[in-house]
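According to Swiss-Prot:
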BINDING   89, 91, 93  Mg(2+) binding site
BINDING   90, 106, 113  Zn(2+) binding site
């Protein structure tokens, strides 16, 4: 059960803030994923205020590293991200933000930012036979 007793709309819940491991600029990576298909759409960055806004408004807010300002996805493009859930990874240095994406997530107009860059060459790994079917 989630404790929702903290209700201060001007700062991030200190219990959440204490769990974050920010980079030297005070940012945490946020992986944005379509909530129903699990498609990875993009990666953005959040500071405490961007995370607070994301958790309390139902819309995703990022901190723009290039423009040094907050931006809410979809305000200019109409390609809104409606928050469905937010999880913190085990190390506290990354967020998974599940969204209902309207239109393209990428500034290039593609649904996912990972379509434009494309796959990189890789040596594909294969699971040993003894690890097949969930063994080991």
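Just so you know, glycine gets a Cβ as well, placed from its N, Cα and C.
Features per Swiss-Prot, on structure.
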{"residue": "89", "record": "Mg(2+) binding site", "contacts (Cβ under 8 Å, 6+ apart)": "95, 96"}
{"residue": "90", "record": "Zn(2+) binding site", "contacts (Cβ under 8 Å, 6+ apart)": "none"}
{"residue": "91", "record": "Mg(2+) binding site", "contacts (Cβ under 8 Å, 6+ apart)": "21"}
{"residue": "93", "record": "Mg(2+) binding site", "contacts (Cβ under 8 Å, 6+ apart)": "20, 21, 22, 23, 28, 29"}
{"residue": "106", "record": "Zn(2+) binding site", "contacts (Cβ under 8 Å, 6+ apart)": "41, 42, 112, 113, 115, 116"}
Neighbours of 89, 91, 93 excl. site residues, C-beta within 8 Å of centre, Mg(2+): 21, 88, 90, 92, 94
Cβ atoms near residue 113 (Zn(2+) binding site) (within 10 Å, other residues, all chains): 18
